[in-house]
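A short write-up of the structure that comes next.
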């Protein structure tokens, strides 16, 4: 009997709070703790390879392991290998040892502080299932008697399935009369003669080991009976009147009643005193009741009732629901206490029946101490005034008939100063606005008091943003830049004090500067979602961009149509599956942020469905349909199409448009056609696919709905008239035998209509007067009637060419190149057709400046309509022209009028082709030019204008001008200019009418300092120029005589450079006679009768080339060996260029 003190202590310890739960770092000595082991049971199949039994634990010192089997010490078979691991208690059961190793195993892990153990691990090695070999005699019964064929299947690895089949593997048919019970037997409530057979076979299938076994076939012989007697039901299963069923909570309840009797009984189920649970199912033709996941409230009395016309029988089931042991809340936890403390270990469990509890310490049975310092009170162990030697592993083992539980409870009794487990100077980083936890892991007994300080200043960690957790860690919420610095964690208890330092850096947070935006995109195009991010400079290398679609990450590396380029997600060839919510996640090692946008894909609408016809009449039908998806773009209209199989089978045509908010259409149709219809929708993206076609609908024949249109009356010959029209389309015939009735008569004479019935769409009426008006009408007709009354159109018979010419042709001057020509129109009756207009013809007979030139090209201009004058542009000034006029109709031209001659007045000249400034002095410049190619009159001289130009500001001074008389003048020396200045010169050629457009050129006078250094160059250049010209003339002479330099003039568009030392020359094409003139008193040389060539000294050959191309003449250059005296020292060589006139041009 326990003392009053022990009972009081038990009550006291039961009321005190639990000591600190164990969470001891491995750096501290502690008893073993099982971390993993093989769960029970272990079923070893014949097909399995070697089996590993696992047992792993942690502890300090590291634990050693041992095993027991069926309560006896067990030494596992040991075969050393290179991979043998001695840090755990695992061992391998090799297949050759398998047969002898069945049993219940337990693993123990021990060190100097205690022993932990596992629950029992049952190793099961089932045998291969077999039916026994036996001889089974036939079962002989009378008709109406019950039959039981026993299977007695062998035990084996679950799951096991039982089948009744014949030798030929045909299933035995089962019903209310014949069925298989849960025990595998085949039950016949009453036998029929058709049940007689010799091959009733029971098969047992074990899917886990892929095995099927067969029982010896059985024979049933049913004797015939004329009138078998009725029998009241009797239960074959279960026997007796009442059965007790004990079931574990959560399992499936199965209650079975199989009755025999004649006729075949029916089985009903009830629960006494209440309704059957909702989870109840009746199976096997009413003979089996099941309730899934049985609960405590399902216990009670159930009854089955088997009844036929002869009577009834019942059976009662007492259902008891039990459960294996389970923890009331959680398993008992380990405790760390100081020496002298009182300890209570409670093992709170539930179970039906109530579990038994066994207490052990380090694997050995724990008993009360005589001094009552240790008491074992059913589910509680009490330790009074704990000592260090009480440290160990306490086991609470709980069991009832349905299972067992085991808890290892580590108890540590010790006293120790704070041991810092967190590394000193640990660095932490957090982004601004984020939360951070800085660890301060400490172990001590008794537990320490922990405090934090920043920068060694007490009281600096205060406020709602700072909190110290129970495990000692410091949490800072919404970190700020000022939170950066060093933090000290101090731990103190009765045994001592310790401290560590943590370093915190607060960085800039990651932000999405340019988030993705909601967008609508057309299917098949490319969508671009931007996501531009800013983050702390120190976190750039860890920045990672992740894209989600509808919450799922997009694997960009494996998606061909997704690409991430320059802060942008590109989705190529977008389709409907790409629609959704896209989220951009910017993630660094410290934080992450995100932004989302909705991508809406616009596409063409889906095809309408359920297209149906209704209200079918002779030539009309009502069509209705159900619209398909518009794919985010509203349907604007529906297009109804038709196809008919008579004229254009297989070709679909548009019939009617329907607004997008309607889904029906009234269709008016043509007659005598077999139609089918389909519909497609149109939205802003485009037309969608068509629907499936309807069934065919045939319309009734009727007369034509309309007459031909676009009737044309014309005559290609003077005495006939052609009547043509646009025929009706084939689908407009409305019936067979289409024809046209053509009626015509002369207009205004009151004649009787002349009629013709034709099938073609053309009628030629012959022997008509020339160009007289007619009335015509065309009416359509088929075998079922006439079309509507036709409209009358008017037209004319065939045309002929006009017979009269315009009179009184006169010419009026508008300017030097434009004239007004007038005439008297011809009488309309002479036109003999539709008057189309008048033609004006003219010819330039000669130039008044060069009368010897032949006539030019003949030209004409048409003036439509009935008119009496016209404006003729593009004439040459100072020329003689001839004019005529004629009228024309559709048939052709009438005769020409009398010839009229006229002189165009004199005009202003064209621009001079060349202007160059040369021979510059301090106060003068020489100008050299060529005459205009077209003078347009008598050339009387030139107008020269010049201005001083500021070379810095480009401003120009006052303009000065002078008239240069004499048409042959091509050079001029301008005196009185300012020294070292830039001048701009404008030169125009003049006739008696006025001056033409000017040509501009700029030139510089010399400064006084350059005259002495360049004077010798002038003489040298002139000498070289003279020698060059002499060489050119000699070349032309020798060319005309043939020999080494004979050849052909290069084409005008190819400028060929030549130098004096190469001795090259140029000749005119086709040896056309040509003469050279060097103006400005330089040189004149005649060679036979060669045409004129003018040679001038130019500033640059490029300028010469541009000018030559503008006037369309050939050019040649010979580069001088010395710079021009008009240029500064060091400038480019100045070429001597010759302009060669085209032999047959009008220019001089």
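Don't overthink the numbers, they just go from 1 along the chain as shown.
Keep in mind that glycine also has a Cβ here, set from the backbone N, Cα and C atoms.
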Listed range which TrEMBL flags as region 'Disordered', given the options 646-666, 667-687, 688-708, 709-729: 688-708
Residues flagged as transmembrane segment in TrEMBL, choosing from 1016-1037, 1038-1059, 1060-1081, 1082-1103: 1016-1037
Per-state residue totals over the domain 'Ig-like' (233-315) - DSSP helix, strand, coil: 3 helix, 50 strand, 30 coil
Among the ranges 126-219, 233-315, 325-412, 707-800, the one whose Cβ pairs under 8 Å to the domain 'Ig-like' (418-505) are most numerous: 325-412
Within the domain 'Fibronectin type-III' (805-907), residues counted as helix, strand or coil by DSSP: 3 helix, 53 strand, 47 coil
Arithmetic mean of per-residue pLDDT over the domain 'Ig-like' (233-315): 95
Helix, strand and coil residues within the domain 'Fibronectin type-III' (908-1009) as assigned by DSSP: 2 helix, 48 strand, 52 coil
